[in-house]
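Working notes, structure below.
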Amino acid sequence: MVNKGKVTDPKVIVALDYDNQESALSFVDELNPDICRLKVGKEMFTLFGPAFVTELVNRKFDVFLDLKFHDIPNTVAKACKAAAELGVWMINVHASGGKPMMEAARDAVASSAHPQTKLIAVTVLTSMDDAQLQQVAGDVTAAEQVERLASLTVESGLDGIVCSAREAGTLRKIVPDNFLLVTPGIRPAGSDAGDQKRVMTPEEAMNAGVSYLVMGRPITQASSPIAVLQEVNKSIA
Ligand SMILES: O=c1ccn([C@@H]2O[C@H](COP(=O)(O)O)[C@@H](O)[C@H]2O)c(=O)[nH]1
């Protein structure tokens with residue numbers, strides 16, 4: 001386990017997108033909650049379920065359970081209550097599910113056995129550029145759609161949103177100071193963007209006012225993942 005590089009309130013959320021638990025846990029063995037938070041997404045949750053999440057929570061990591069619920073209000077509310085009661089730090093829904101859905105989710109978390117779980121809403125996926133968004137949403141840019149959904153999320157009483165760091169500067173002028181901007185699509189200079197379209201480096205993102213950086217492949221697929229994580233922490237310290 002790495003004890004060097006302790007940071008106060010770690011900003012990096014490492015996306016554990018592995019197809020086997022052994023690899024994921026041998027990586028987690030090298031980490032500790034002082035240097036990063038962890039994200040479990042659809043792949044690992046589908047493969048390994050709540051037991052895997054509980055394992056990480058028991059190791060005292062702040063876990064973002066990234067299941068992006070999007071359904072009718074009653075269904076999303078029940079799913080959010082169940083997710084919060086795993087003891088996780090953060091969960092999310094899609095803002096495009098609408099205000100009644102987000103409010104139902106908010107109330108369900110508040111009345112759960114773990115009401116401190118943060119609830120955020122996905123605006124526009126960071127893998128989408130303007131052209132892709134226009135195929136599904138009509139004549140709107142990603143920046144405009146993110147702004148619209150961010151305002152709806154504030155009105156719905158959630159803790160924050162998922163957006164790209166590119167929108168953070170503008171959003172910081174219109175959302176409350178404590179509103180969380182959680183940003184995937186983070187790529188250190190020179191690294192492969194892969195399927196991400198709206199990207200920024202860790203330093204640019206922090207300067208733009210984001211709250212947390214979500215990073216998967218640039219860390220987990222590096223030849224020395226811990227070294228990359230420490231380098232990122234150093235660059236944003
Ligand atoms: O808009 C979004 C919402 C969620 N994600 C998730 O974040 C990570 C990013 O991983 P990288 O390997 O750093 O690209 C991944 O788990 C996505 O499901 C996102 O990328 N964009």
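Placed from the backbone N, Cα and C atoms, the Cβ positions cover glycine too.
As given in TrEMBL:
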- D66: active site, for OMPdecase activity (ACT_SITE)
- K68: active site, proton donor (ACT_SITE)
- K68: active site, for OMPdecase activity (ACT_SITE)
- D71: active site, for OMPdecase activity (ACT_SITE)
- D17, K39, 66-75, T126, R187, Q196, 216-217: substrate binding site (BINDING)
- 11-232: domain 'Orotidine 5'-phosphate decarboxylase' (DOMAIN)
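Projection of TrEMBL feature records onto the structure.
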residue: D17; record: substrate binding site; Cβ within 10 Å: 17
residue: D66; record: active site, for OMPdecase activity; Cβ within 10 Å: 25
residue: L67; record: substrate binding site; Cβ within 10 Å: 17
residue: K68; record: active site, proton donor; Cβ within 10 Å: 16
residue: H70; record: substrate binding site; Cβ within 10 Å: 18
residue: D71; record: active site, for OMPdecase activity; Cβ within 10 Å: 14
residue: P73; record: substrate binding site; Cβ within 10 Å: 18
residue: T126; record: substrate binding site; Cβ within 10 Å: 26
residue: G216; record: substrate binding site; Cβ within 10 Å: 19
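When averaged over the domain 'Orotidine 5'-phosphate decarboxylase' (11-232), pLDDT in the model lands at 98.
Among the recorded positions listed (D17, L67, D71, P73), D17 have a CB atom closer than 6 Å to some atom of ligand 1, in sequence order.
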